[in-house]
């Protein structure tokens, strides 16, 4: 995906006033997968079906995160913004609206990933992240799962959590090894 193509945009969150764009390769190296699909066709989209079949996502639901749409909205968005991991992948497909996933890189810096209509993102199990709606305060996402839907957040620190250990070994250790080469 080139800079002029539609899809996910990401950048480092930094104290400076500069925008530090992040390449797709950096996200790939961190294990973050992304696609840009036609959200208007999600019920019949063959590309979405192929992704679901290939990755074993056999269950989904649709949730709207907006005042008046999500029960206990303020409490829930605060919990989404707490830095956490999951023991399974987090798969979100934006059907309407937009929001930000913040993910940690190999140096523990935040990368902000702006997810908009049509963007599908998969965060690997064990990756520290958080979520917040953007200034539009509205997003509808399809949440996909393999098997029975489980959504349990484990707030940081979780360095001994099996999923975190596997993430560090499978992704962060490789990044550090490449950086030292």
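Cβ atoms are placed via backbone N, Cα and C, with glycine included.
TrEMBL labels come from automatic prediction, so no person has curated them.
Together with 84, 86, 90, the Fe(2+) site in TrEMBL holds one more listed residue from 36, 129, which is 129.
Secondary structure from DSSP puts residue 129 (Fe(2+) binding site) in a beta strand. If you draw a 10 Å sphere around the CB of residue 86 (Fe(2+) binding site), it holds 20 other CB atoms from the protein chains shown. There are 19 other CB atoms within 10 A of the CB of residue 84 (Fe(2+) binding site), with all protein chains counted. In sequence order, 122, 123, 129 are the residues of the chain that are 6 or more apart from residue 90 (Fe(2+) binding site) and have a CB within less than 8 Å of its CB.
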